[in-house]
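Straight from Swiss-Prot, the features:
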BINDING   264, 267, 288, 291  Zn(2+) 1 binding site
BINDING   279, 282, 301, 305  Zn(2+) 2 binding site
COILED    434-508  coiled coil
COMPBIAS  1-10  compositional bias 'Gly residues'
REGION    1-25  region 'Disordered'
REGION    468-590  region 'Essential for interaction with ctn-1'
REGION    484-490  region 'Essential for interaction with dys-1'
ZN_FING   259-315  zinc finger
């Protein structure tokens, strides 16, 4: 949203206590008047009136009332159960009850609260009951009758108690819906008057007071409003201006304990809780919520600078990782679970919202006894905690693509200040379920393609490994073939050398002192000697017909035979090794 002062909303001063308020304070019982005055005095000490933005100012004041009366410790489900225990669910909405019965209701609420808390955390029930009752009377009993309507009590307590805003709105709709499940416009007008009485009670009537204009800002008189449309209107961005403080009140409760380990550049506090604001123009310039709301600055920073609101803290490393992750995403996420930034008035329902009317409501038992049942029944429209994505403050735009929205907002606030009642209702409130289905289908297809690519990569990697093994086996085979060829050549050389020696033995002259042929012919021979052929036969014949000295020739022949034997043994070993390698590859599946 674009605001005229660049850094926040129009400065709308809170109203001081009016004369009517003082007359009402004097007309109520003294005890109630004193307790109400005590609340007002303590609220003034918090200096909420110095907050520049009316929305934040109203939310801060009501948050103070919540914490002071301890009603923020009671959730919506226990509050509804207290209504049932005291029989308020069986009474018509405009039934008037006495102050004593309202006090009995508050007694039930806070006594049940102490039963759920440990002893060290018990609240002072008397103080809480008296303060809350005084606030209710100050807000709704303007005529000093000492009575309150059932509807005003339900609206006030359901608004101020703890719990999710969507659950509270469902309960409120159950109170203002007809038997067909559609909103009754007369009851809605009454509801709006009751809830805006809370902001009027904390002196924010100039901005958030009830008027016919406020009713027209929400719905047209002839519009059929179902539960989904009702929720979508109050949880949309932006919601109707008269009720903008309501979602902010719940977001304040959710970030009240969020810790930011950074230094505020205005007040120099080393760390703080709540919201954190970062300037989009000044380098690493950050402010705590108190300084930003009240316009405190330092250095060259100006309130005209654009600011972003953060509800949690991320270290620079996490921010970098998150930015890289978002840049690599093919499809934008529809919801962010852990994001740290929020739109100041953004509340989204966790699922597509249908514009069809909800089924008729049973007003006698509209709210289930347990939260689990109602969450199951409304799973399509239940909302999670407030989103935490970084966005601009109301009136700020970080991108040039929303200029049209900025002009619309300027026109809206100009019309509001000039007193016109026209409020352009937002169109396209429900999400397109077909688009969601298409996105899911596309995601499934991409996941399937990714799985196929992973399987194909694994197959190619396995094939590459197999090819490498086959190439190594081929190289080994070539090496063995080369060795076999070399050994065969060596064998041929040795055989030629042996034949040459045999030829010398057969053709050489006989020594003078040698053995006679007759003596050699008389040497005994075995059967194996007679079977010698080839070289062995030549050797045998050489010994029988000795022509050279026997000792020399025998040594040469034995040496040649040893070399042939060694060469053949090496050849056999190499062949056996090659055969074992081939068998191993076959076993491994190559």
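Placement of Cβ uses the backbone N, Cα and C atoms for every residue, glycine included.
Note that the coordinates shown come from a computational prediction; the quantities given were computed from them, not determined experimentally.
Everything Swiss-Prot records as a feature, shown here on the structure.
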residue: 264; record: Zn(2+) 1 binding site; Cβ neighbours (10 Å): 22
residue: 267; record: Zn(2+) 1 binding site; Cβ neighbours (10 Å): 14
residue: 279; record: Zn(2+) 2 binding site; Cβ neighbours (10 Å): 20
residue: 282; record: Zn(2+) 2 binding site; Cβ neighbours (10 Å): 17
residue: 288; record: Zn(2+) 1 binding site; Cβ neighbours (10 Å): 23
residue: 291; record: Zn(2+) 1 binding site; Cβ neighbours (10 Å): 20
residue: 301; record: Zn(2+) 2 binding site; Cβ neighbours (10 Å): 18
residue: 305; record: Zn(2+) 2 binding site; Cβ neighbours (10 Å): 16
DSSP three-state assignment for residue 291 (Zn(2+) 1 binding site): helix
Non-local residues, at least 6 beyond the ends, that sit with Cβ under 8 Å of the region 'Essential for interaction with dys-1' (484-490): 567, 570-571, 574-575
Non-site residues, in chain order, whose CB comes within 8 A of the mean position of the CB atoms of 279, 282, 301, 305 at Zn(2+) 2: 280, 281, 285, 297, 300, 302, 307
Integer Å distance between the CA atoms belonging to residue 264 (Zn(2+) 1 binding site) and residue 305 (Zn(2+) 2 binding site): 16
Segment-level pLDDT (mean, integer) for the zinc finger (259-315): 88
Extra residues within 8 Å (Cβ to Cβ centroid of 264, 267, 288, 291), Zn(2+) 1: 265, 266, 268, 269, 272, 287, 289, 290, 292, 296
Close binding-site residues near residue 282 (Zn(2+) 2 binding site), where close means Cα within 10 Å, chosen from 264, 267, 288, 291: none
Distance from residue 288 (Zn(2+) 1 binding site) back to residue 279 (Zn(2+) 2 binding site), taken between C-alpha atoms, in Å: 12
For residue 282 (Zn(2+) 2 binding site), the three-state class that DSSP assigns: coil
Between residue 291 (Zn(2+) 1 binding site) and residue 301 (Zn(2+) 2 binding site): CA-CA distance (Å): 12
